[in-house]
Structures are given as C-alpha cells and as structure tokens.
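Feature annotations, reproduced from Swiss-Prot:
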{"type": "REGION", "residues": "1-29", "note": "region 'Disordered'"}
{"type": "BINDING", "residues": "G61, C62, V63, G64, V65, G66, K67, T68, R208", "note": "ATP binding site"}
{"type": "ACT_SITE", "residues": "E86", "note": "active site, proton acceptor"}
{"type": "BINDING", "residues": "Q122, R214", "note": "substrate binding site"}
Amino acid sequence: MMDSRATYVPPKKISESNSNAEEDPTDCSKPITLKVPTVSETVLATIPHKPQRHLTVYLEGCVGVGKTTMFKYVVDNMFVHTAYDEPMDHWTKWFPENILQTIHEAVNLPTQEQHAYVFSCQNLIATSFLARESGIVKTHPAPFDPSVDVISIADRHALAAYVAFPIHHFLQGRFTYMELQCMLWAFKQDSVDTIFLLQGCSEETLRRVKRRNRKVEHGVTIEYINSLQAAYTVILSTWYRATEYQYSAKRTVSEEISFFIAGPRRTLFYILYDKRPITLPEIEILKLFRKISNDLKKLVLIPVNFQRLVYSSALRRLQDLLIVTPGVTSYIHNENVDTATCAVADNPHFNHHDVS
C-alpha cells in the first residue's frame, strides 16, 4: 500500500550579493513530515457530527389487540435501550388488593358502589404510570435515524389510564360526568410523545383475550372490546380536532366552544358538551377543552393495524414509521397470541372524517 506521508524539504536561501550563493547551513535540519489525509478521512471531516438522540416509543390500544406480543418481538429483534413494562406489580402485588381484579368484578355491584370502586381503582392504576414515568428521560422528538439514534419502548402511555379507560367507563355508565372530568384534569402531558395506536378487528381481539385466559379478564365481552375500541376512536378524532385549534382572544366563549364541537360528533369535546350537567357554566367547559387541546397537541398519534401482518413485516413497518415521523411514543401489552387475524380491510390511513 502506498504510504500517505509526504516529506517536506525547505527551500534554499538565495544570497543577494552573489547569484551563485552557497546553501544556508541551516538547511541541514531534519526533514519535516506532514500527514496527508486519506480520502475517507477527508469525507468524514466534511460531515457534521450528529448527536445521538434517545427516543422513548409507546405502544397503545385495546386489550388483546396484540400490543405485548409486538412489544416482545421488538425487544427481541431490534436494539432497544430500555423496555418499560406495564406497572403490573403496582396493580397486583403492592396495593392491598389486586385492583385489576377488583375493577373487573365491580361491574356486578350496585350502581353507587360500582362507581366508587371503579373510580378509586382507576385512580390507583393511573398514578402507577407516574411512578414509572419518573425514571424516563425524554428528549425533543425527531425522525428516528437508525444509524445513530437509540430507542426505548414502553408498554402503554399514561393516556390510557387517564383518558382512554375513563372514556370507556363513561360510555359503559360506570363513570359519572364529573368523575370523567376529574381524570381528564389529572392528565398532564409535559413532553412531546408519539404513540403507535394499535387497531384491529373486535372479534379477533376478543379471541386473543380468551386464548390467553387471564383470570381478571374472564368477564371481558365483545361489548367491552367495542366500547374500549370506541374510546380510542374518540381520542384519535379529538386529537385531530385539537391540532387545528389556535387560541384567539377575539373569540367569545360561545365561539370558542363552537369551534371545538364542530365536525364529527365522535370527539371528546362533543361528548363533554352534549352530556354536561345543566348547572355547569360554559366557561368551565371551555377551560377543560383548552386543557385537553394543549395536552393532545403534544402527542403524535400513529394509528396502525398489525393484526393482518406477520411480526417481521410489522416490525419493518414500525421502523419505517419511526424514521419518517417527528417523534415516537407507543404502547405494548403482555399477551400470548398467534398471527391469526380477522379478514378485515387493513386501513393504515385513518380518515377522521369517517368517524360517526
């Protein structure tokens, strides 16, 4: 291989009084060796250094939709800095009772007792996410660059406990209006997160729930699955509307509210306004609407349907979306399911105008 080092020889000094001047005695010094950069070194030097980012990815969706299986597959087949499980020990071991079992059994209680148990348990479930999130350091999200970036993946986002399941309980008549409001006010989104919202066929989702045979889920029915799927549809359509909101001091309270409740009726804004107590002032409704909007605008929701894909294809799809999406957050849940799916159309491009 040719040596990339060159020898530098200093020029001879010329005497002004004699054109045939002799060499300067200082010319006897040792040659100076210079390093000539190789082509690869020159190219690397011209490329600006890109600092490594650490992105936390959340997977979210209905129980049984395939979150945990996907979660485990991602962890086993992709470099993951940290994998954050659901805070299951909080729910099943550390509290005085198994609150997952209690909240499922509460459906058989009289209405007043049912409301008290469900609301209490849902708050315990939600606060457990705060304990888990306290150890996660997040940076401002950016498109994922697999050559330099690393990701962590988390099973569920706090959005599930503070928003999705409370909406589900409200739709099922197990939450009062003000109990739903309390959970929505308690939700606080500080960082910019992106959530993969896993969707799927309700019948296939229920089949997977029955297949894994968890004791606390024996009471799960197709109505339960449909209600929870509807809650996530409400969140998605609400998020679309929230991203369009811009505050204006020129608009009146009524004009502001009119903006939020316009469009598809299947938004949280419309539900909260339509079901509001007659004694609740409109300004209180508007304050909550603005709060919900500000929280949801910090999320990037990516609706996907992986039920019809084998896991290797689903992983490639997930990686592609990470690269092109500005920020990542996703949900995943522990479940043992195979790749059998319902024969339903896969529509990754969710159209919020179709929400009825």
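Backbone N, Cα and C atoms are what each Cβ position is placed from, and that goes for glycine too.
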Let me spell it out: for each of the binding-site residues (K67, R208), count the other Cβ atoms within 10 Å of that residue's Cβ, using every protein chain shown. Which one has the most?
K67
Which of the three DSSP-derived classes (helix, strand, coil) applies to R208 (ATP binding site)?
helix
Nearest to R208 (ATP binding site) by Cα, among E86, Q122, R214 (recorded positions)?
R214
Protein Cβ atoms within 10 Å of G61 (ATP binding site), excluding its own:
30
Would you say which of the binding-site residues V63, V65 has the most Cβ atoms within 10 Å of its own Cβ?
V65
When the Cα of R214 (substrate binding site) is compared with the Cα of each of the recorded positions G61, V63, V65, K67, E86, which one is closest?
V63
Could you tally the C-beta atoms, other than its own, that fall within 10 angstroms of the C-beta of R214 (substrate binding site)?
16
So how far apart do the ATP binders G61, C62, V63, G64, V65, G66, K67, T68, R208 get, largest Cα to Cα in Å?
14
If one measures from the C-alpha of E86 (active site, proton acceptor) to the C-alpha of V63 (ATP binding site), what distance in angstrom results, rounded to a whole number?
12
Which of the three DSSP-derived classes (helix, strand, coil) applies to the residue listed as 'active site, proton acceptor'?
coil
Check the DSSP secondary structure of Q122 (substrate binding site), expressed as helix, strand or coil.
helix
